[in-house]
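Asks: As listed in TrEMBL for this protein:
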{"type": "TRANSMEM", "residues": "35-57", "note": "transmembrane segment"}
{"type": "DOMAIN", "residues": "116-544", "note": "domain 'Major facilitator superfamily (MFS) profile'"}
{"type": "TRANSMEM", "residues": "187-205", "note": "transmembrane segment"}
{"type": "TRANSMEM", "residues": "211-232", "note": "transmembrane segment"}
{"type": "TRANSMEM", "residues": "244-266", "note": "transmembrane segment"}
{"type": "TRANSMEM", "residues": "272-291", "note": "transmembrane segment"}
{"type": "TRANSMEM", "residues": "370-389", "note": "transmembrane segment"}
{"type": "TRANSMEM", "residues": "401-422", "note": "transmembrane segment"}
{"type": "TRANSMEM", "residues": "429-447", "note": "transmembrane segment"}
{"type": "TRANSMEM", "residues": "459-479", "note": "transmembrane segment"}
{"type": "TRANSMEM", "residues": "491-510", "note": "transmembrane segment"}
{"type": "TRANSMEM", "residues": "522-539", "note": "transmembrane segment"}
{"type": "REGION", "residues": "557-577", "note": "region 'Disordered'"}
{"type": "REGION", "residues": "628-665", "note": "region 'Disordered'"}
{"type": "COMPBIAS", "residues": "634-645", "note": "compositional bias 'Low complexity'"}
Amino acid sequence: MSYLSVHSIAIETRPKRMELDSALEQLGHWGKFQLISYGLLCVPIVFHAVFYLTYVFTAMQVEHRCLIPECGEDPLQTEFRPPWLTSAVPFDSGRPVGCHRYEAVQGAVLPENGSCVASMFRDDVQVACTEWVYPKATLSIMSEWNMTCDGNSHWMLSLVGTINNIGRLFGMPIAGFVSDRYGRRTILLLGLGLAGVMGMLRSYATNYVFFLAFEFLDPLFNAGLYSASFILGMELMGPQKRVMWSAFTHSVYAVGEALLGGVAWALQDWRWILRAFYGPAILSLAVLWMLPESVRWLCSKGRTKEARIIIRRAAVMNKMSTKQLDLEEMKASIAEEAKAKKAFKDDDREDTPSTWWALKETFKSKVLRVRLLTCSFCWITNTFVYYGLSLNSVSVSGNLYLNFMLVCLIEVPAGLVTWMLMERVGRRMSMCASLVLTGLSCLAFLLMPDTEVWQWIRIVTYLIGKFGITVSYTVLYVLTAELFPTNVRHSLFAMCSAFGRIGSIIAPQAPLLNRILESLPVILFGTMSLISGLLALVFPETHNTKLPDTIEEAENIGKSKKKGGGADTPTANGGSGDVIVDITGDLKHPVKKTSVTARPTRISVTSMSGRPHKKTSVCSMGTVQVTVPEKGSTTPTAAQQAAPAENSSAPTSPAAEPETVTVHL
């Protein structure tokens, strides 16, 4: 049992007013206003999915072979696989070798029928190509600019995806700053417009350097499209529907990726693929201009008049009376809340430890250090395998466009299933099982023969791997946010996510491993998934537990309370048993059973267990329950706790029934 001496409990009460969450709940979730807003938000989400993966087709490896001028071939108009090709070009695994051909016999003459014959070539001597033939000259920058057989061509193509992810790495913090400073709607319109211009300019690139420069600028501007759309949608909703919005946006994103594969299949021209998406992106600004700004963001900036205008418009569109919302009361509530938070922040500035100090204290914990390293590795694995499987899908036997679309669409059921798994199985086991499933699927894929009979079985196995990594990736977002203390949660989440960018940056380089061993990328995907799946067992289960506010609570997630004698240990939800409170200061008003919610509150306590008389300032957003004895009751003091055991039998006055004060911080 812990004994705390409270110097003061300052509880401020105010009349109940119309809160923003209450207003949003009364507006409903599926009215005309919400449905139009959600529909408009789907537009930038789809474009972001497309923009992210266009390099899969603009810089993809294209099948190619040597041009045979002795057979009268024209590089602009020629058949890729004429009947005589086996006489002029060596084959490997049923495909023409891309960089060598047979040497022509000196003085050989083309027959009158215009078809080459084997006698025109020496099949024992191979020479390097000087010109190439492709199924279509404008399939990608590789085919248009003959980036084929020199030593630099392969890494130059894979560098395109890496540059794209580096641009995204720099663009994400910029987008976050602009969104918080100037609004969610602002970053959506600005990012989509600038990205559209960069993409259109890239479609007119005349050389590799020109193309690469705009490949970096495009994600620099569009990096915040998905996150801003996601946050704006969440801020339009009440608390109970946000999980549904998360699953819905993930499915929309997957449909956008599949749409890219379908358009690329239809056009098969890298310049027109870019124009087919970036042109409409610019035109969509005329429609997205109607998108409302986030009401929560407006309120946080003190722009309550604009917020009330949007809520009033939503009420009218949903055919709801504005009198039900009491907008003036809501305005007063928001203003009072902002004033209280500012006063509390100013008053507590000297007592609140810095983030750097909090991080330093966190890193002293061996438990949290191990957890952070494990979490970072899992982030690297998830991003590497998630994007690697998408990129590698165009190399799997069969129709590369269809394979890409299927690999993207498998994310739709995966995203919808994830939340059900987390609720029924828990975070840790969901992540462990999904990663092991991915690893086993990748390794099983390699054991299947690459024949026409096994083609669809191989594709289904590959899709199961992508399903598993999608589930794991989604769980990882939730699990990471639940593992660390409140005062460093965002910092450590960002640190893990930053490590995860390593995986997405190196994923485009995975195809280079095909030059060493064709199956090496998939071996790497499977091995890393299995290792991360086993490491996931290191994490504590966070399902149905309170978010930890302190280092001690974070360390004790998942630990059960000690049985028998001894001190109480924090429970899985971060609690530490009953707290008996001794009122040592003079209170102007008697303490009653009260509940104070959703406002900054301070409690100054004096600890009398472990470290006597150490003054502590508790300042956080959470819930504190204190048991306060009625007037006339007695509570142990420090001296009484240290008294000899024989004094324990001395008579004491009967204790009155204590009252509980619940303070929501």
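Note: Cβ is positioned from N, Cα and C throughout, glycine not excepted.
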Asks: Under 8 Å between C-beta atoms and at least six residues away from its ends: which parts of the chain pack against the transmembrane segment (187-205)?
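Replies: Same-chain residues near the transmembrane segment (187-205) but 6 or more away: 44, 47, 51, 54, 141, 175, 178-179, 211, 214-215, 217-219, 221-225, 228-229, 232, 271-272, 274-275, 277-279, 281-282, 284-285, 288-289, 291.
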Asks: For the transmembrane segment (401-422), give me same-chain residues lying six or more residues beyond its boundaries with a C-beta closer than 8 angstroms to one of its C-beta atoms, as numbers and ranges.
Replies: 56, 243, 246-247, 250-251, 253-255, 257-258, 260-262, 264-265, 389-390, 393-394, 430, 459, 462-463, 466-468, 470-471, 474-475, 478, 543
Asks: Compute the average pLDDT of the predicted model within the domain 'Major facilitator superfamily (MFS) profile' (116-544).
Replies: 83
